[in-house]
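Trainee: From TrEMBL, for reference:
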DOMAIN    1-430  domain 'Major facilitator superfamily (MFS) profile'
TRANSMEM  33-51  transmembrane segment
TRANSMEM  63-82  transmembrane segment
TRANSMEM  122-143  transmembrane segment
TRANSMEM  155-174  transmembrane segment
TRANSMEM  272-294  transmembrane segment
TRANSMEM  301-325  transmembrane segment
TRANSMEM  337-358  transmembrane segment
TRANSMEM  379-399  transmembrane segment
TRANSMEM  405-423  transmembrane segment
């Protein structure tokens, strides 16, 4: 929003409105302070997700979620009343700490309470509600940008308090997961919660598996060190590779900077917010497709098809921007058909991500980690996600300035690499109980060389 840029980032505002000598269209948002405002959140999320691992393991998943909500609420308040750039950045750091706690605990919580037959669809509700949140934020940004007093940005940032209050109140009333209760020595309470969650008293077999898995996990005194051993090599690889690749699709660049990107390719301020709102809507709708199909067609199929769809769209967008903008970034007047085609291509790209790498990037890691290293591995998963999110967010505007339309070729290359990785190394986990996931690795053509049967194994019959 122009009043926001004028107040906190006057250099960017001047370049955007051509108040400075000729600035390449690709470079008008190239400001490290502006990108620090965006990316500082993810740096804080990285640090807090590591700390949240201990809290999640020792005190349970609920307390981590409540802590995340409180931190998020504080960050929203500071951002809404900000008068200086440092207040914005500190507010973003608090928001990041809240996100780190939530991302560490929520996927684990959902995976542990969901029936295994529906675990994929229920866990993807996590990603669906993220996309709904993005869409609602885009709608609010568009509405508040039309406020005549120029203070709409305060409402945009302050409304982050609403989801913060929702997660605080929601987590207070949630039950603890049976796995977490057993892990903390509360077997009887775990049995009661399991009966309540499953809606049946026929839970003895599942309870025995959970208790056996917990005993196995307690034999591992140092989960962080254990993750570095050969036995857990596939888990460590997935905890690093999947979140890294998820960010290297380039999707978060579209999410963070959709208004910036659309402004760069010639849309006005309100038109760019409208276009971001359209892509946010596509994101939410396409995630519903994933929820409906993930437990039917499997994880690998969605990964591979979504990757192919993203790659084709990235190449189309590259050609479209190169054709009109060239190297100098001055397209002249953009015809309506061109702008429409670019928005449609970006929407199809967003849809490809939203029914594949978006939700699966959270689902697959959360369901493959054994209990003894689950909190530590999930922290690595979140931390890796945030490291790459921070890095890409911080350098995106500089990359756009220097690489120009080649930026989409950069991300397209990684989409090809990640599809090859999924094809070769990621097993299908559809319909497999979490406590039996060890067998998946023992039966995989490559990972069976690392994961060997052991006496402590819950299910020796693979």
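Including glycine, each Cβ sits where the backbone N, Cα and C put it.
No curator has checked TrEMBL annotations; they are predicted automatically.
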Trainee: Mind looking up the mean pLDDT for the domain 'Major facilitator superfamily (MFS) profile' (1-430) in the predicted model?
Mentor: 87
Trainee: Restricting to CB pairs under 8 Å, which listed stretch, 33-51, 272-294, 301-325, 337-358, 405-423, is in contact most with the transmembrane segment (379-399)?
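Mentor: Selected stretch: 33-51, with the most Cβ pairs under 8 Å.
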Trainee: If we skip the immediate neighbours and take only residues 6+ beyond the ends of the transmembrane segment (301-325), which ones have a Cβ under 8 Å from one of its Cβ atoms?
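Mentor: Sequence-remote neighbours of the transmembrane segment (301-325) are 25-26, 249-250, 265, 290, 293-294, 331, 334, 338, 341-342, 345-346, 348-349, 351-353, 355-357, 360, 404-406, 408-409, 411-412, 415-416, 418-419, 422-423, 426.
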Trainee: Six or more residues beyond either end and a Cβ under 8 Å away: which residues meet both conditions relative to the transmembrane segment (122-143)?
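Mentor: Same-chain contacts beyond the flanks: 1, 106-107, 110-111, 114, 152, 155-156, 159, 163, 255, 258-259, 270, 273-274, 276-277, 280-281, 283-284, 287-288, 290-291, 294, 354, 358-359, 362-363, 366-367.
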